[in-house]
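Quick notes on the structure that follows.
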Amino acid sequence: MSVGVSTSAPVSPTSGTSVSMPAFSLVDYVVFILLLVLSLAIGLYHACRGWGRHTVGELLMANRKMGCLPVALSLLATFQSAVAILGVPSEIYRFGTQYWFLGCCYFLGLLIPAHIFIPVFYRLHLTSAYEYLELRFNKTVRVCGTVTFIFQMVIYMGVVLYAPSLALNAVTGFDLWLSVLALGIVCTIYTALGGLKAVIWTDVFQTVVMFLGQLAVITVGSAKVGGLGRVWAVASQHGRISGFELNPDPFVRHTFWTLAIGGVFMMLSLYGVNQAQVQRYLSSRTEKAAMLSCYAVFPFQQVSLCVGSLIGLVMFTYYQEYPMSIQQAQAAPDQFVLYFVMDILKGLPGLPGLFIACLFSGSLSTISSAFNSLATVTMEDLIRPWFPEFSEARAIMLSRGLAFGYGLLCLGMAYISSQMGPVLQAAISIFGMVGGPLLGLFCLGMFFPCANPPGAIVGLLSGLVMAFWIGIGSIVTSMGSSMPPSSTNGSNFSLPTNLTIATATTLMPLTTVSKPTGLRRFYSLSYLWYSAHNSTTVIVVGLIVSLLTGRMRGRSLNPATIYPVLPKLLALLPLSWQKRLHCRSYGQDHLVDTGVFPEKPRNGVLGDSRDKEPMALDDTAYQGSSSTCILQETSL
């Protein structure tokens, strides 16, 4: 979610300079291959277990019987991609620990999904997050949301597969296309055959490998420089330990407010409405288990952020004592960590292989999540609504075929990525541009009962136009200028670090130039505010269009799709104020009496609201039924 890594190959060393390239030992190759074999074995185990008795629900939703801990680790693995493992330490190494304050946004970024998005999605008994859009608006809005998500993920898949392999090839000489094919084929097989359960359990295994690889680097690296105490002292001496930067300017790349507040919106676009994460929530046994899994991610994320930051500080201390070679100094920032790992772990057979396994575990977890979520939304949003007569056996074959198809498409996108050159920066930034508008679309439907389908469609299109305007404008400005970007501009495009925040970020040279003006100033908006800006655009435009087109009058509104914000806020007031305001609030618990939710759970989950006819309410009637506050004649 942070910084990414650039995709540029390292600059060749100056003529006459010869630098020996670290090489993998046989033990390192064994460790790396063992990762692929075990990941494949876990997937095949879940594929073969009960072969012939699988259902579509098992493939796509793991029969909604997953426990809290594996779901939490799977959520974390999706977040902790290979690019984060490379990007976070490089960010800390170059700019100090300011980025660590991003952890301040994690709590709200997980608290809000746990108590707002998960209850609504879970009680509607969804499979695809975009089913919500049809229940709240109509089928057209659902298809628009689904197509937007597919476009986002297809652009992303090839990049996240190709770029870590490119960095690895440049530093270690590891064969580029062999690693691309190995990752793509292994991931495709276990995702297509084993379904979501295989993806979740391989994510658990890969999360353990990621932490082991990173801990090995910290342990060996800190021992070589004299311990963590000395690491901290050297970092402080050179100004790498950052304090609170309270500048509210949204055009400054990283400040406390940018990281803590702008980061909340970025977290919500990932953990609130992204299909890859929502699908894991909905695979939980109960709504409470889904909420607990969201809470459990918080400490794991904090540990992950601290581990990445420590690697960056250890790397900084190490290179103060043992300066980089010319080749290393001229390399792309994403390769710093790999050079550092090969420097400190050489002579320790197996440990370089463990870190590379850690790196590719991040890729496997992220790509498998993409395959599975894409197969799910394609099946549930684009095929089933038009061909509801599909038999179970045919639906299973089609689901597996979709996963295989997206796997092959991923390999094709990896090849296209290798041919794109500078245009690759635009492809990467597209992913992040889409996350904010999708968040705004869901918030528009969930929090504003007056929003209607025309408002939702126009709002989404407006948010996407705004996102592409800023994003592409930043790219053109950056590529068209011979000068390095300003230190206040976070738009030197780099690889994404997770499924939703792949916006154009962030590794900028230390050169400081004059601040941009006019549109250039607008294009220099910090990447961390992208989601907030674009989602707000969707909400504002959507509400204006909805009010101009008659709100929800004449249209059916399912109250189960609305989160009762006003009653929840009023419940926070002192009891005496509530009595004086004479509030009559009807939260979602009251919906049991309306028939929207069934009184008893079925098969361990709350019933499907689609079994009930939605209540035909206009927005005035709904507002009257959800919360009515009458100001008494007595003065406050």
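Backbone N, Cα and C define each Cβ position, glycine as well.
Bear in mind that the values here come from a model prediction, so they are computed numbers and not experimental data.
These features come from TrEMBL:
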- 29-47: transmembrane segment (TRANSMEM)
- 68-88: transmembrane segment (TRANSMEM)
- 143-164: transmembrane segment (TRANSMEM)
- 176-196: transmembrane segment (TRANSMEM)
- 208-235: transmembrane segment (TRANSMEM)
- 255-273: transmembrane segment (TRANSMEM)
- 294-319: transmembrane segment (TRANSMEM)
- 354-377: transmembrane segment (TRANSMEM)
- 398-417: transmembrane segment (TRANSMEM)
- 423-448: transmembrane segment (TRANSMEM)
- 455-476: transmembrane segment (TRANSMEM)
- 527-548: transmembrane segment (TRANSMEM)
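Taking every recorded stretch in 29-47, 143-164, 176-196, 398-417, 527-548 and counting its Cβ pairs under 8 Å to the transmembrane segment (68-88), the highest total belongs to 143-164.
Between the transmembrane segment (208-235) and the transmembrane segment (143-164) there are fewer than 3 Cβ pairs closer than 8 Å, counting only pairs 6 or more residues apart in sequence, which means the two stretches are not in contact. Contact check: the transmembrane segment (143-164) against the transmembrane segment (294-319) gives fewer than three Cβ pairs closer than 8 Å, residues 6 or more apart, which falls short of the contact criterion. Only sequence-distant pairs (6 or more apart) were considered; of these, at least three Cβ pairs between the transmembrane segment (29-47) and the transmembrane segment (354-377) are under 8 A, so the stretches are in contact. Segment contact is absent for the transmembrane segment (354-377) and the transmembrane segment (255-273), given fewer than three CB pairs below 8 angstroms at sequence separation of 6 or more. Per-stretch counts of Cβ pairs under 8 Å to the transmembrane segment (255-273) identify 527-548 as the leading one among 176-196, 455-476, 527-548.
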